[in-house]
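K.L.:
Got a structure for you, questions after.
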Amino acid sequence: MPCPKYRDYDVFQPSLTAPGIWRTPIPPPVFMNAVAIQESADRATSKKPQYLKILASIILPLLIFLGLIVCNSKWLLVVESDGVVLVSLYRDIFVDHYDLLHWNVSTLYLFPDAALFVAVANFFSDPGHMFTACSILFYFLFLAILVYLAFLLSGNFFRSYVTVLAAGLLLVSIALIPGYSNLIYRFVYFANHNGHIPFGFLLVAIAIRGVQKGVSATSAILFLIISVLSAVSDLLLVPQFLLPLLITFVIFMILRLVRVSTGLVYAGLILLAPIFSVLILNSLRAATPLFISNPFAGYTFTFDKLISSAIDFGQSLIIYIRFLPIFAAIAAIWLTVSIALLVKNRGVLLGFRKNVEQRSYQPIHGLLFLIVFSMLSMLGTMAGPIATFRWPGFWCVYYIQPLYIMPLFVIALAVCHFQKHMLLAQRIAAGAIVVIALFQVVPALASLSWEDLRFPYPGWVRCMDALAEEHDLQYGYGYYWSAKYASVASRAGIRVNQLDEDLTFHRWLNNSQWYSAAPAREGGKFPKYDFILVTPKTRNLVESRFGEPAASEYCSGVEVYVYNRESDVAFRNFLRAPALALVGKAPHAPTMPASLSVYKESGTAWDAEGRVMIPADGELTAEFDTPAAGEVLEIAASGNDEYRVAFYLSDTLLDEMTAPAMEQDSLQIRYLLLPESLRKKPFNRLVIRPVGGDGDYSVGHVFVYDDSDE
């Protein structure tokens, strides 16, 4: 006679028809013997030498810690401008004291990314050490949440601890395999669409606890707070965790595997989280200068676009499967195990539609909930970039990290549930993982030095630092992939602000205030720009606008143009007015006519709206409400015309200068150093007269300001 399982009996449950009368049914003796046998086995296991438990408790986290240190020595070499965002944020808060509301971000990355990084970075001075400490802390936070989830499924803390940490060590071992390192670094380094993943699993744990014991006010509030904070920080939480959780609850309510009241509460909380998150994000966009990318801006749905997006994603998925066979194999094992568990427990899923109120929670319910959720989460992870048409290509793996993170740890969580039936296999697997990790970590650690964990100082940055010391350079411009990285890696204190190929602002993962102000500790004045990193696409444009550089240098493939002569006034100031406008400021400008105070970029049509026309034999008077004084006159006027500008203080003529003609007939900006007699001398009126050209004369704007300080 087979031994009935304990969970098949409804022991000591009050009868619904006879209150106060206990329905036993009393288990048969063979059942009691089975329970006694299991309890005896557990006691016997607990009497085994405790040093094995102590050893396992120490060696697993120690190897993970050491393995992450080895990984960081490699990961720091591939950090790029995207990866140094939080270092720049930290410096803005604690070092340079910039206004954080002028940041331009794709995603807020507040919780836990920015919060944890800023808290940890205070203990280190080198960005490399900041990265290493934060990656280790983040990974152990992730594992701690999974240990809690495993404990909910198994009820045995130690075995949950060992199983989850063994899986965590396996992931670190995979990271040490060539070809996999860069993939996993995306998961442990902040601002890579990874911060929401640990707290997504925490939401799953809270949900499973709700399935087990019902919902409480505390758990509901905690669930809502975590989900809103995480979704505000990264909206990927919605397709990867919240929607799969919602659908899982709906399925379990339909199958009557969870109380309807519990399911409805969590469904409501899940629906509220993205609504609150979108409201918060839109409020920040409307009420502050903070720029937060909107993934749905300009979104239009068509089936053709959906099919094309799905094909592009499918091609990327094939590439992942071909070049990442370990993760493909783990995913295949996860899928096989998941389907097998669902098929094996189809009776639990489909066979108990009646008398749900009389059924107590069974441990298999939690595991089935996790399995169903994980399958939906994998689908949601793939559906997100497909449905929003935001899949750039296979290199953007950070959008789909659950695809290679979730299968491994769901398998580990399933092992925790069945630990009593596969204890030997679990020990063998954990031992094998430890041995493999030892062979990987120990030799690598022996050749590692503390210097290897400092932020890299590549040759091109070292060359730029030498050039900066030679020519006394500090502020410059560059393209996106070099600018922030150079600012962080430089040991000479140079700062590079990012521009697009047309030499306009590249407002992406940076602070708009950087363009127009030096740090407060340096006076907060407009920076003195005197170099630019050029590319083959920008070289001709730079030379046509600013002429030949005073010096140039090839720094390991990065070409640097130096414009540090007094005559390079145009280079120093060509973005001054637009940069000030980004933070709500403007240079000193005339009040009459008012349109002269509005910036018009070079290339604007000479007869565009807002310009002031001047007759061929006439003149334009520009008046300042308060006297202007400075070193530079910036005037936008029709390009192929020449103008004479006279400076007055009341009715007294102070001096005159010429604004020369340029090649184009559109509005072109002249940056003119004032005569020595006028520099920093007050004047309140300008008279602008055309003295040569095609007969069509117009002025767009007029600004007066000091040149950048040395």
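Residue numbering: from 1, along the chain as shown.
Any Cβ shown, glycine's included, is placed from N, Cα and C.
Straight from TrEMBL, here's the annotation block:
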type: TRANSMEM; residues: 51-69; note: transmembrane segment
type: TRANSMEM; residues: 106-124; note: transmembrane segment
type: TRANSMEM; residues: 130-153; note: transmembrane segment
type: TRANSMEM; residues: 160-181; note: transmembrane segment
type: TRANSMEM; residues: 215-232; note: transmembrane segment
type: TRANSMEM; residues: 238-257; note: transmembrane segment
type: TRANSMEM; residues: 264-284; note: transmembrane segment
type: TRANSMEM; residues: 319-343; note: transmembrane segment
type: TRANSMEM; residues: 364-386; note: transmembrane segment
type: TRANSMEM; residues: 398-416; note: transmembrane segment
type: TRANSMEM; residues: 428-450; note: transmembrane segment
K.L.:
Given pairs 6 or more apart, does the transmembrane segment (398-416) have at least three Cβ pairs under 8 Å with the transmembrane segment (364-386)?
P.N.:
yes
K.L.:
For the transmembrane segment (238-257), name the stretch out of 130-153, 160-181, 215-232, 364-386 with the most CB-CB pairs under 8 Å.
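P.N.:
When the Cβ pairs under 8 Å are tallied, 364-386 comes out ahead.
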K.L.:
Considering only Cβ pairs under 8 Å, which range in 130-153, 215-232, 428-450 makes the most contacts with the transmembrane segment (51-69)?
P.N.:
428-450
K.L.:
Could you check whether the transmembrane segment (364-386) and the transmembrane segment (130-153) come into contact, where contact means at least 3 Cβ pairs under 8 Å with the two residues of each pair 6 or more apart in sequence?
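P.N.:
Judged by the Cβ rule, the two regions touch, with the required three close pairs present.
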K.L.:
For the transmembrane segment (130-153), what are the same-chain contacts with Cβ under 8 Å, counting residues 6+ beyond its ends?
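P.N.:
Non-local partners: 61, 64-65, 68-69, 71-72, 75-76, 79, 87, 90, 112, 116-117, 120-121, 123-124, 160-161, 163-165, 167-168, 188-190, 195, 197-199, 201-202, 204-205, 208-209, 212, 363, 366-367, 370, 409, 412-413, 416-417, 453, 455.
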